[in-house]
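Single-structure report; data block below.
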Amino acid sequence: MPEASSQPASGTTAAEPRVLSGIQPTADSFHLGNYLGALRQWVAMQDTHEAFYCVVDLHAITIEHDPALLRRRTKVAAAQLFAMGLDPDRAHVFVQSHVPEHAELAWILGCLTGFGEAGRMTQFKDKSSKQGTSGTSVGLFTYPILQAADILLYTPDPASGRPLRVPVGEDQRQHLELTRTLAGRFNHRFGETFTLPDAHIPEGAAKITDLQEPGAKMSKSASSPQGIIDVLEEPGPMRKKIMRAVTDTGSEVVYDEEKKAGVTNLLRIFSALEGTSVPDLEARYQGSGYGQFKKDLAQVVLDTFTPIRERTLKLLDDEEHLDRLLAQGAERASEVAVRTMETVRERVGFVVRGR
Ligand code: AMP
Ligand code: TRP
């Protein structure tokens, strides 16, 4: 049965699957790992899904932050999402804090989460071990529960059979598992309310590694500037970084995760961006050495990111317009979130506020 009160976005039908994802505004630019591991899927999925994408500013304050910088980065993040091809008429792009139901559902889900269960999240363990107990906030501990709320607020009616998909990189798999567990637990205790979400993790590009340390994930917090390629980077430095990427002994462009982690990472990036298979690339560069391969890869990266950079800067030039786009996204997101919360409050046993 389709949702009785659902108003699908223009061009979508009630039977269409939904997609929800989020990204933190914690850097001055997204990087190549974000793009290939997650954001490119966001853009592709708007064609086949009713899409909700949020810039998760509530998550961004789980570590110490500067208010002015957060505000700026939230806008830059949103501008990049539109610049990458998200179409405001098809995808509902919004800022998480504009829809307060995210925090409300997180509280309720937190009351269904075991302390030990939350403590087993590997991303929390990694981040908190770097910061020590006194530098680690309770918010960082409950971060995955807020993420579960982000996702489950946009649940289709479970009776409709519409899937709920979540495009993320490999590192988010455990958070998605927790989300499924919490959804199942809620349904079991209070009646079928949530559709269990499916992680949508791209093969191949799911883990892009650091250009200088090919054994480690490309990451805004861990990588050195030389190891990371920013979407908004100037062409000159971008080219240099690729030319200086760590390759391995030998000179053959071949895929070998164990022995040639550096070249393998570059092959993955090349293949994902150009849409050419790895064997075809190996054949193309047979005998030509690393130099030509890297030069061509640099061009492919530039061809992808230059138009995105230019569109981002243009969007940031007209903040009022950007704010309007985000308000429009928040409005549609709110319609769904408010309805979900009405059901949740009723199921949990909260008294309806009288008039
Ligand atoms: P983060 O920048 O860690 O908040 O990640 C934002 C999104 O990008 C998440 O869906 C991650 O899984 C994805 N992501 C981050 N780093 C990488 C990477 N090196 N390779 C692939 N995906 C990544
Ligand atoms: N934790 C995710 C990351 O680091 C960001 C995120 C927050 C998210 N809420 C989400 C991803 C909901 C998918 C769905 O990338």
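A Cβ is built for glycine as well, from the same backbone N, Cα and C atoms used for every other residue.
As annotated in TrEMBL, motif ''KMSKS' region' covers the listed stretch 217-221 rather than the other ranges in 62-66, 217-221, 257-261, 287-291. TrEMBL lists Gln24, Pro25, Thr26, Gly33, Asn34, Gly169, Glu170, Asp171, Lys217, Met218, Ser219, Lys220, Ser221 as ATP-binding residues, and of the candidates Ile208, Ile229 the one it assigns to that same site is Ile208. The number of other CB atoms found within 10 A of the CB of Lys220 (ATP binding site), across every protein chain shown, is 16. Taken residue by residue, the motif ''KMSKS' region' (217-221) breaks down under DSSP into 0 helix, 1 strand, 4 coil.
For the pair Thr26 (ATP binding site) and Asp150 (L-tryptophan binding site), the C-alpha distance works out to 18 angstrom. Ligand 2 lies within reach of Asp150 from the binding-site residues Thr26, Asp150, Glu170, Ile208, Met218, Lys220, judged by a C-beta closer than 6 angstroms to any of its atoms. Here Asp150 (L-tryptophan binding site) is positioned 12 angstrom away from Gln24 (ATP binding site), judged by their C-alpha atoms.
Looking at the residues that bind ATP per the record, Gln24, Pro25, Thr26, Gly33, Asn34, Gly169, Glu170, Asp171, Ile208, Lys217, Met218, Ser219, Lys220, Ser221, the two CA atoms farthest apart are separated by 20 Å.
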